[in-house]
Amino acid sequence: MAFRRRTKSYPLFSQEFVIHNHADIGFCLVLCVLIGLMFEVTAKTAFLFILPQYNVSMPTADSETVHYHYGPKDLVTILFYIFITIILHAVVQEYILDKISKRLHLSKVKHSKFNESGQLVVFHLSSVIWCFYVVVTEGYLTNPRSLWEDYPHVYLPFQVKFFYLCQLAYWLHALPELYFQKVRKEEIPRQLQYICLYLVHIAGAYLLNLSRLGLILLLLQYSTEFLFHMARLFYFADENNEKLFSAWAAVFGVTRLFILTLAVLAIGFGLARMENQAFDPEKGNFNTLLCRLCMLLLVCAAQAWLMWRFIHSQLRHWREYWNEQSAKRRVPAAPRLPARLVKRESGYHENGVVKAENGTSPRTKKLKSP
């Protein structure tokens, strides 16, 4: 299964070979795990890669339900889905983004940003739909008190745990993709910042048993990011199309306000009123004053940093816009060239014959014969 058309062969396991064939290598590893399901000897090991681990049967009024908690074996499952994500990344790049970018004829800088936004648009759209489905089916939207009631939320439904494992797999896969996609050195620090920011918040919500609050915050954040990257794609297609940027700028500030409000409401007020305020990592309880302050400080610092970057970016764009407008006003108008005087004979012309002012033709001079 070849994702890219190669016109040049590289030495086996060289740097260029790995870069150009990383999706094929990942596909071979995934295929080996799937083949392991066919044999009884290797089936248990293969299930360790594919399915979430640490399932617990909990009795209910009608029947039993299966819930999950986290543990070290989750790292194996995340590793498997990292390779799945690498394959999907290559499919989107090869069959969608490369075909569109060839028609747009973008520069190298715009081409890199176009690929980045194209990948993130697909990811954010699928994550928003998936996250919204999980939040609605689990009833977290209709009952906001469930975000902090019955804390710690150690036992998770299958779809909640699987969502978090896939989210961690995607943002971990983004780290080697910086090398595989040959991202410019100037772009690497910026991309590393938001990759690490997502990893810290998602892993923190998963490990500190704040999965319900994390789902709502991710839904808000991903919706805003989807709008931003979609606006950037439309801008690359037509530089005069900046309407979506205005819509994103309006939504961005509102989203920051909602995230801060929910975090303070759930962590600062909801968890503070719970009875079991004790530090017990074995039971997954981190509901202490120090932990709550650290969580609130992390969320507030991240939102303040994002807002500062947004304001700084908007001021820079406005400054560039007004500089362009003032430069256009200062450009002097091109001086008009003086009208070229044409020496004409007395009278006027009619049908190629010079007429006198009184309408009679001027007399022709008689030439004297020698």
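Any Cβ shown, glycine's included, is placed from N, Cα and C.
Long-range contacts of the transmembrane segment (78-97) within the same chain, counting only residues at least 6 positions beyond its ends with a Cβ under 8 Å from a Cβ of the stretch, are 3-4, 22-23, 26-27, 29-30, 33, 49-50, 114-115, 118-119, 122, 165-166, 168-170, 172-173, 176-177, 180. Taken from TrEMBL, the feature transmembrane segment applies to 78-97 (among others).
Sequence annotations record features per position, and here TrEMBL assigns domain 'TLC' to 112-321.
Per TrEMBL, the feature transmembrane segment maps to 118-142 (among others). Long-range contacts of the transmembrane segment (118-142) within the same chain: residues 89, 92-93, 96-97, 100, 157, 159-160, 163, 167, 170, 212, 215-216, 218-219, 222-223, 225-226, 229-230, 233, each at least 6 residues beyond the stretch ends and with a Cβ under 8 Å from a Cβ of the stretch.
Positions annotated as transmembrane segment by TrEMBL: 162-180 (among others).
The transmembrane segment annotation in TrEMBL covers 192-209 (among others). Nonlocal intrachain contacts for the transmembrane segment (192-209), taken as residues 6+ away from its ends with a CB within less than 8 angstroms of a stretch CB, comprise 70, 151-154, 164, 167-168, 171-172, 174-175, 178, 217-218, 284-286, 291, 295, 298-299, 302.
Annotation comment: TrEMBL describes 247-269 (among others) as transmembrane segment. Panel annotation: around the transmembrane segment (247-269), residues 144, 147-148, 210, 213, 216-217, 220-221, 223-224, 227-228, 231, 292, 295-296, 299-300, 303, 306-307, 310, 314 of the same chain, lying at least six beyond its termini, place a Cβ under 8 Å from a Cβ of the stretch.
Remote same-chain residues near the transmembrane segment (289-311) are listed as 197, 200-201, 204, 208, 210, 249, 252-253, 256, 259-260, 263-264, 267-268, 271-272, 277, 279 (criterion: CB distance under 8 Å, separation of at least six residues from the stretch ends). TrEMBL lists 289-311 (among others) with the feature transmembrane segment.
What TrEMBL lists as region 'Disordered' is 342-370.
Same-chain residues lying 6 or more positions outside the transmembrane segment (162-180) and placing a CB less than 8 Å from one of its CB atoms are 19, 22, 52, 74, 77-79, 81-82, 84-86, 89, 123, 127, 130-131, 134, 156, 188, 191-192, 195, 198-199, 202-203, 205-206, 211, 214-215, 218.
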